[in-house]
Amino acid sequence: MSYKVEPLPDSYAGLGEGPHWDEARQSLYFVDLEAGSLLRYDYKQNKTYRTQIEGETLAGFVLPVEGNAQEFAVGCGRRVVIVNWDGVSPSAKVVRTLFEVQSELKANRLNDAKTDPRGRLFAGTMRYIGDEFEHRHGELYKWEAGGSVSVVKSDVGISNGLAWDEKAKKFYYVDTTDYEVKSYDYNFDTGVASNPKVIYNLRKTSPKDHILPDGMTIDTEGNIYVATFNGATIYKVNPSTGKVLLEIKLPTKQITSVAFGGPNLDILYVTTAAKFNQPAPAGTTYKVTGLNAKGYPGVSLK
């Protein structure tokens, strides 16, 4: 298969994360995590807009809020806040806090988050000061409209990739420090995940060879796409067999997350990072075409 990897214009993020395709606006939203910035790539204009959230230094994820075109749920530190942004202006404001977690753990922050197909928020934490492999103080949370927050999983190192498959009734989850992808049976009516099982393992023989699984998405045939931090690769995996169907190679090492988008939902958008002095083009956001696969649009928070 011949796929094509191309950079998006003006898409640099020191720690790019959380790509979310908004079908209504034909735009890809993502974050520059350690800058407290939100970005929007407008497909029709082929142009990227960037905003700074006033008073914030961290932005772990960005998810549109259903029914309000200028409101977004954003992970700022250990708070999930609602940010008002018109998608163009260079600055954006926090209008309210939805909830806060782990207020006593000052070294923790929210990391990856997504909405399930019913619009519930799943967001996880990690330690970002000190060794997150040694101190597994992270948790995965679920928030539902009405305001209730519950813990889905404790004993998490780096809460990361999330994906759901309605046909298979599955939820897929990555804790980076486990070097693996787990599947759960998922009840879409109640939002309850059960029966964890390892379906894809990236552990290698030597700790130096460990490739870190990061963000994740799924296509309409049920295959998952796992981004690898330090691996320069996205693995397309059949979750039923654990078999790698395709290795998608990128021109930079730190691949952070992936999301399908575009008018036909057949473009794979890829965020990357430039941590620890990675040379250019590290931190660029890419589009991958020619994969002969389609995904699902992002779901707004209900």
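Even glycines carry a Cβ here, placed using N, Cα and C.
Caution: TrEMBL annotation is automatic and unverified by curators.
Now, the feature entries from TrEMBL:
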DOMAIN    15-273  domain 'SMP-30/Gluconolactonase/LRE-like region'
BINDING   Glu17, Asn160, Asp214  divalent metal cation binding site
BINDING   Arg109, Asn111  substrate binding site
ACT_SITE  Asp214  active site, proton donor/acceptor
Can you tell me the CA-to-CA distance separating Glu17 (divalent metal cation binding site) and Arg109 (substrate binding site), as a whole number of Å?
14
C-alpha of Asn160 (divalent metal cation binding site) to C-alpha of Asn111 (substrate binding site): distance in Å?
7
Identify which of the binding-site residues Asn111, Asn160 has its Cβ surrounded by the largest number of other Cβ atoms within 10 Å, counting every protein chain shown.
Asn160
Between the C-alpha atoms of Asn111 (substrate binding site) and Asp214 (divalent metal cation binding site), the distance in angstrom, to the nearest integer, is 11
Integer mean pLDDT for the domain 'SMP-30/Gluconolactonase/LRE-like region' (15-273):
95
By a simple count, how many Cβ atoms lie within 10 Å of the Cβ of Glu17 (divalent metal cation binding site), its own Cβ left out?
27
Environment of Glu17, Asn160, Asp214, the listed divalent metal cation site - residues of the same chain whose CB lies within 8 A of the CB centroid
Gly18, Asn111, Asp112, Ile158, Gly161, Val174, Thr176, Gly215, Ala227, Phe229, Thr256, Ser257
Go through Arg109, Asp214, our binding-site residues, and report the one whose Cβ sees the most other Cβ atoms within 10 Å.
Asp214
